[in-house]
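Trainee: Before I ask anything, let me first share the structure, which is written out below as structure tokens.
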Amino acid sequence: MSDITVTNWAGNITYTAKELLRPHSLDALRALVADSARVRVLGSGHSFNEIAEPGDGGVLLSLAGLPSVVDVDTAARTVRVGGGVRYAELARVVHARGLALPNMASLPHISVAGSVATGTHGSGVGNGSLASVVREVELVTADGSTVVIARGDERFGGAVTSLGALGVVTSLTLDLEPAYEMEQHVFTELPLAGLDPATFETVMAAAYSVSLFTDWRAPGFRQVWLKRRTDRPLDGFPYAAPAAEKMHPVPGMPAVNCTEQFGVPGPWHERLPHFRAEFTPSSGAELQSEYLMPREHALAALHAMDAIRETLAPVLQTCEIRTVAADAQWLSPAYGRDTVAAHFTWVEDTAAVLPVVRRLEEALVPFAARPHWGKVFTVPAGELRALYPRLADFGALAGALDPAGKFTNAFVRGVLAG
């Protein structure tokens, strides 16, 4: 049988596998895992590197054929969600039961399991990564057996943001809170020169979730997106002018795809993402990178980016600045430190983008910038150990749960070799 190929959402990566398996029951999944020599799980495909490449004659496993599980416990304010469920579906079910997630990423079309496995996040000085609300992980391990790791287990710090290296995540249990409404306000032209460390903190704390956007063609930020919970005050925003029309983070792109703006109230899950769930992206003419740094270095890091903006701008569609509260997941880019995140949406030209990524990484070295695991980066494996102080502990956990390395690949081995 010849190998099959699968491309990611952006089309910049082609995964090669012996087979693409789509089990329709947990029993079938357990049998397939036990019978396969090497396994990687294919989520929603919104990664931009080879994290899902099985290699070595391995198989790709899709959870899309499994029954969709979203079991809400309203009394406990928790939800058990299946490994193949995406945030848009989860949010609709949870909201219908009068509950909510505390945060979401910019795109609601991504899978829950894949998002928390790579440290994906939204924004907000008080909001942790998406993994921070996980209270329990259910895994199918290398021999096909099920292992449950819950908050309080000494292994839990390595079990959620795990890069798919421990087993197949078949379900996650998440903490919820009462449903709330939000409104979104967009402002334009926030000068970098007007920001000192205290003002930057004030800007990023001006609402429940704040994002700054720039194309680095000039100093400063072209757009500021404030997402306010209606049960919390917004005392004005004197640092930039209100937008005169609905905006898209990427100049020239249709704003109809974005969530409601101009302060129109709506459910949390229709305001926290930047993009509407009804808008289903079929492919993305883009590459993405992201680097997360201690928040106390935010302004210095922004000036370091501004110093190389003539290098960045020609291959950049937009750059988004967000904040993430510290969390306790060993491989989370926000592990142990309140964080500022700089996300880059590049043009779809790998040859042109990679040299710029390397130059950017050089500029951010003084700020201990951790790369997002699911995006384009070139940080050498040898530098990751200094960036992730619990990397050796994670390697020991992976070795204990998967001693033969069934769930590893070249990407994971490179990380663990750090």
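Positions of Cβ are set from backbone N, Cα and C atoms, glycine also.
Not measured: the values here are computed from a predicted model.
Take a look at what Swiss-Prot says about it:
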- 41-47, S106, S111, G114, 118-121, V169, R322, H372: FAD binding site (BINDING)
- S106, E320, R322, T345, K375: xylitol binding site (BINDING)
- S106, E320, R322, T345, K375: D-sorbitol binding site (BINDING)
- 13-179: domain 'FAD-binding PCMH-type' (DOMAIN)
- H46: pros-8alpha-FAD histidine (MOD_RES)
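Help me see these features in their spatial surroundings.
Mentor: Listed in sequence order, A52, L60, L61, S62, L63, G83, A113, G114, G164, V168, V169 are the same-chain residues at least 6 apart in sequence whose CB falls under 8 Å from the CB of V41 (FAD binding site).
Less than 8 angstroms from the CB of E320 (xylitol binding site) sit S106, S211, L212, F213, P249, A341, A342, H343, T345, each of them six or more residues away in the same chain.
On its own chain, H46 (pros-8alpha-FAD histidine) has N8, W9, L107, H109, I110, G114, G374 as residues at least 6 apart in sequence with a Cβ closer than 8 Å to its own Cβ.
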Trainee: With H, G and I counted as helix, E and B as strand and the rest as coil, say where DSSP puts T345 (xylitol binding site).
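Mentor: Looking at the DSSP assignment, T345 (xylitol binding site) belongs to a strand.
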Trainee: Could you list the residues of the same chain, at least six apart in sequence, whose Cβ is under 8 A from the Cβ of T120 (FAD binding site)?
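Mentor: Result: A105, I110, G114, S129, L130, H372, G374.
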Trainee: Near R322 (FAD binding site), which residues of its own chain have a C-beta under 8 A away, given they sit six or more steps off in sequence?
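Mentor: Same-chain residues close to R322 (FAD binding site) (Cβ under 8 Å, separated by 6 or more) are H121, G122, S123, V210, S211, L212, V340, A341, H343.
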Trainee: What mean pLDDT score does the domain 'FAD-binding PCMH-type' (13-179) have in the model?
Mentor: 96
Trainee: Helix, strand or coil by DSSP: which one applies to G114 (FAD binding site)?
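Mentor: Looking at the DSSP assignment, G114 (FAD binding site) belongs to a helix.
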